[in-house]
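Q: One structure follows; several queries about it will come next.
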Amino acid sequence: MLIRRRRSWEIPESAATPESAYLSRRGLLGAGVGLLGIGLGAGLAPFAEAAPEPGDPANDPTRDLYPARRNDAYTLDRPVTPEDISGNYNNFYEFGSDRSYYQIADVAARMPRRPWTVKIDGLVENPREVGIDDLIRAMPLEERLYRHRCVEAWSMAVPWTGFPLKDFVAWAKPMSGAKFVRFETFVKPDVALGQRRFIYPWPYIDSLTIEEATNELPLLVTGIYGKPAPNQFGAPLRLAVPWKYGFKSVKSIVRISFVAERPVGLWEQVQGREYGFWANVNPGVPHPRWSQATERDIGTGERRPTLIYNGYGEQVAGLYKGMTAEKLFM
Ligand code: MTE
């Protein structure tokens with residue numbers, strides 16, 4: 001994603017006063033080396049007895065639904081990434097942009113998971129706002145093993161739990177003029193300190209065509225590793241679109257809109273020359289900053305060749321037949 005070189009007089013955003021107050025005890029200890037360097041280490045003592053995190057998935061009201069039945073149609077060609085690795089290597093810019101200074105998991109855990117509603121609007125028969133628990137309980141949960149590929153050329157393989165986006169679309173009943181499905185993340189700068197950085201046009205949004213959204217693959221994810229997803233993965237509802245670069249998989253969704261015009265996603269708005277609408281994985285089309293020929297599996301540490309459509313060509317290549325004028329791979 002965007003790399004901004006820090007100038008010598010700038011402190012990392014994690015070291016700014018509000019964020020240091022905001023880090024959990026675990027986060028503070030994890031970031032301890034960096035913080036001690038600027039003299040904040042003495043502040044550790046008051047955090048010795050940290051309060052339970054409001055985002056703790058152990059208290060999730062839908063935890064009785066897990067583990068869900070695994071759908072064996074989706075298999076992997078590599079080992080599942082251990083949870084302690086995938087859960088500590090997250091992109092979630094609402095909670096910060098620098099994984100090297102603190103764990104996104106620790107800061108994201110401070111966000112309460114409830115109350116949470118999802119607004120369904122735009123070109124649908126019955127626009128409404130639903131409680132997340134009612135939505136999750138209305139949908140058929142299943143587990144799927146998917147590869148997950150970031151444009152930064154790292155990858156993981158994870159057992160998501162969720163429900164097919166196509167089932168949600170059928171339930172929402174879009175009107176015939178709906179050509180795109182737009183996903184929008186929360187705005188809560190009180191807990192998501194990254195949202196105080198005005199260089200990003202919050203909220204995080206991205207979208208799919210209605211044909212992509214009704215393909216069998218996209219999942220609206222509610223859980224991972226056989227339990228409700230921890231916040232850093234985008235609880236309580238995130239998208240998983242396994243044949244596209246990860247930035248299309250919007251986290252912590254509060255609004256799903258059916259629209260006629262193609263929306264401009266957050267990354268496309270910020271840097272349109274680097275991040276396009278389609279963003280389909282292709283080893284032959286390099287990003288301006290990252291070759292896409294190979295990827296680093298963060299679980300095994302190995303480099304492996306990148307697969308066209310991240311290995312899901314059989315399911316999705318047909319969506320793009322004849323679209324020669326479109327930049328399908330950026
Ligand atoms: N969604 C929101 N709301 N905010 C983000 O910063 N990052 C995206 C995507 N969804 C992001 C987001 C990017 S760049 C990637 S690679 C994936 O989430 C990372 O998902 P993971 O942390 O579960 O691996």
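Note that Cβ sites are derived from N, Cα and C of the backbone, with glycine treated the same way.
As listed in TrEMBL for this protein:
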BINDING   N90, Y93, E94, C150, T185, R238, S249, V250, K251  Mo-molybdopterin binding site
DOMAIN    113-267  domain 'Oxidoreductase molybdopterin-binding'
Q: Please work out the number of neighbouring Cβ atoms within 10 Å of the Cβ of E94 (Mo-molybdopterin binding site), leaving out its own Cβ.
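A: Other Cβ atoms found within 10 Å: 27.
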Q: Within 10 Å of each Cβ, count the other Cβ atoms, then let me know which of the binding-site residues N90, T185, S249 comes out lowest.
A: N90
Q: On the three-state reduction of DSSP, what should I expect for E94 (Mo-molybdopterin binding site)?
A: helix
Q: Around K251 (Mo-molybdopterin binding site), which residues of its chain at least 6 apart sit with Cβ under 8 Å of its Cβ?
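A: For K251 (Mo-molybdopterin binding site), the qualifying residues are F92, T185, Y204, F233, G234, R238, L239.
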Q: Mean pLDDT across the domain 'Oxidoreductase molybdopterin-binding' (113-267), rounded to an integer, is what?
A: 97
Q: Which of the three DSSP-derived classes (helix, strand, coil) applies to K251 (Mo-molybdopterin binding site)?
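A: Going by the DSSP assignment, K251 (Mo-molybdopterin binding site) belongs to neither helix nor strand, so it counts as coil.
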